[in-house]
Ligand SMILES: C[S@@+](CC[C@H](N)C(=O)[O-])C[C@H]1O[C@@H](n2cnc3c(N)ncnc32)[C@H](O)[C@@H]1O
């Protein structure tokens with residue numbers, strides 16, 4: 001009599017159960033798996049191409065011949081990088097839903113490649129961080145660092161500082177960091193820190209919330225001190241023209257530009273803390 005079980009092989013089923021199948025069945029299953037796997041790869045590649053073809057529309061009105069490769073890489077960090085206005089603006093007043101907690105939210109404006117905010121997010125796990133930047137490469141580098149460190153309290157956003165009211169709600173922010181913004185010599189009206197920024201902080205920053213400003217630029221430092229002294233709802237609570245030789249030096253987290261100014265130019269870093277008093 002023929003032994004029906006002689007060709008049978010024991011395998012583990014999808015639900016962890018032990019099952020017996022014939023060699024022929026095993027070969028058939030292996031073939032199906034191979035075709036399915038190839039199909040998945042081909043489709044993933046296809047959908048990636050479709051996305052890559054479409055993404056320029058977020059940033060340019062007319063198609064161009066060449067695009068910055070980092071524009072495509074932004075797609076690879078859906079949890080750490082938001083680049084389209086619609087998604088960002090939808091969270092206005094609801095960022096705690098995005099972070100899935102009720103922790104306080106800090107904003108960095110012009111975050112560069114993200115070293116400063118990534119280190120803050122690592123150090124203060126009970127705070128959330130939103131970091132604004134315009135350049136694709138810098139956003140991608142920041143998101144990459146956050147993903148690598150598995151940080152779930154940080155998000156990079158491609159938004160201009162001037163548009164904060166589109167995506168941040170009333171009293172939604174506890175602290176704002178602005179590190180080494182462009183001083184716009186001769187075109188000072190273009191500076192990020194301006195009367196107009198404070199009128200937006202009147203809305204998004206909580207009472208007793210703070211603005212932290214670092215610069216290498218003497219005149220920008222002097223101008224911000226003068227500007228804040230004229231505002232009746234903000235107060236300078238700390239300032240120094242030599243941060244690295246001040247009492248704040250030990251808690252200071254260096255930014256990329258700060259590292260560069262220190263190592264190449266050995267410059268004094270100026271620092272101001274401003275509190276919203278009402
Ligand atoms: C001089 S870099 C400083 C970068 C970083 N904070 C650091 O200290 O290394 C200024 C950054 O601000 C960004 N930026 C300039 N204007 C901006 C704006 N209106 N909104 C958001 N980011 C802006 C620039 O793309 C640039 O990366």
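Yeah, the Cβs are placed from backbone N, Cα and C, and that goes for glycine too.
As written in TrEMBL, here are the features:
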BINDING   108, 133, 182  S-adenosyl-L-methionine binding site
BINDING   216, 255, 256, 257, 258  substrate binding site
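It is 15 Å from the Cα atom of residue 258 (substrate binding site) to that of residue 108 (S-adenosyl-L-methionine binding site).
Here residue 255 (substrate binding site) comes close to 112, 115, 116, 179, 180, 214: these same-chain residues lie at least six apart in sequence, with C-beta atoms under 8 angstroms from its C-beta. Cα to Cα, residue 108 (S-adenosyl-L-methionine binding site) and residue 256 (substrate binding site) are separated by 14 Å.
Proximity of the binding-site residues 216, 255, 256 to ligand 1, judged by a Cβ distance under 6 angstroms to any of its atoms, singles out 255, 256 in sequence order. Each of 112, 179, 180, 214, 254, 259, 260, 261 belongs to the same chain as 216, 255, 256, 257, 258, is absent from that list, and has a C-beta within 8 angstroms of the C-beta centroid marking the substrate site. The DSSP secondary structure for residue 216 (substrate binding site) is coil.
Within 8 A of the CB centroid of the S-adenosyl-L-methionine site residues 108, 133, 182, the other residues of that chain are 109, 110, 111, 112, 131, 132, 134, 161, 178, 179, 181, 192. Between the two most distant C-alpha atoms of the annotated S-adenosyl-L-methionine binders (108, 133, 182) there are 15 Å. Taking the Cβ of residue 257 (substrate binding site) as centre and 10 Å as the limit, one finds 20 other Cβ atoms among all the protein chains shown.
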